[in-house]
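S.K.: Can you read through this structure? Questions will come right after.
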Amino acid sequence: MALLKLDIADVRNIESASLSPGEGLNLLFGANGSGKTSLLEAIYLLSRGKSFRSPQSGRIIRFDRPCLTVSGSIGRPGAGIAVGVRLGRSEKEVRVGGRSCDSSAQLIRLFPAVLIHPASVALLEGPPRWRRQMLDWGVFHVEQGYLDLLRRFSRTLEQRNAVLRGDAPGSSLAAWSGELARWGTMIAELRSSYLDRIRMHFGEMVSALLGRTDVELVVRPGWRAGWSYADALAASQPTDRRLGYTEPGPQKGDFAVLVGGRPARDYLSRGQLKLLTYALLLAQAGLLEADQPGRVCLLVDDIASELDSRNQERLLSLVKSTGLQSFVTFSGATQGVAAVVGRTARVFHVEQGRIRTGS
């Protein structure tokens, strides 16, 4: 069980709401603009300390209020941990177990939530940094010291770039290059290992959603394939000096999704690409659940967006089969929902920011 109780205050059009979700499927019904997505946004805030819809807190806080508050209990019945996020227009407070935290890292580790929504397709269509963020979030949950490793690499990269620009007289480019190669190689190896572990789950999800077996994940470390990072830095040194910054490295890392050996985004329809993205995110959730049973939460917004009824039912059936605590929003026609979920789901109705338990 991940989320035992949720209390929301002043998140967009939700003035005040409380709910006790079920441990499996939680279905949220309501018209467009009713507050369904805002409810998912509140859960995401409780998991990551930030919104997935806007980086500007003023757009998330109810228009006439100074701040928003989302709090809840995470864990198992009788042993829940109190967590909370208070977000003002220029400040944020995160609390875990009644104590303030310096960052959201403890919250993220305690309550991992995976989000699937219509814009998730940008994960495959968008820039590499979004795919790096997905990888790094996943590695963070399986490697205890990964966040510190990323910070070490970032600091060392800044130092090497300063030498390249001539802003650090007396510093040795060779020394910083050696340090950078050490941290960068470790990051690339951890990302590659993580992607290897996702592949099995991903293949199962792709088969269930698209019926394909010719989809593969290919890692790109951020430098020439087959080279060590140290060799790539040495070869790139003249270019780096001219540019004033370090060109190769995990800061340029990426991964590709190929279908029949071709980039998925150049081969599949938008609906198929969306299903492929959902398969990737479900695979990430499945891997994390295998490592940390009972702690993962799945958020699925607007399941009907750009999917026909058959694919909606496939996706909902797959979400149900994961056994994860899941929150799924619906608007409009929902004829196939009952046939897929039976009587196992907990149902909520959202109307103008108010939430009530239904059937």
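Residue 1 is the first one shown; counting continues down the chain.
In case you wondered, yes, glycine gets a Cβ from its N, Cα and C as well.
Pulled from Swiss-Prot, these are the listed features:
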type	residues	note
BINDING	GLY30, ALA31, ASN32, GLY33, SER34, GLY35, LYS36, THR37	ATP binding site
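Just tell me what is around each of these and how deep it sits.
M.R.: Listed in sequence order, SER331, GLU351 are the same-chain residues at least 6 apart in sequence whose CB falls under 8 Å from the CB of ALA31 (ATP binding site).
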S.K.: So for ASN32 (ATP binding site), how many other CB atoms are inside 10 Å of its CB?
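M.R.: Neighbour count, Cβ to Cβ under the 10 Å cut-off: 9.
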S.K.: Fewest neighbouring Cβ atoms within 10 Å: which of the binding-site residues GLY33, GLY35?
M.R.: GLY33
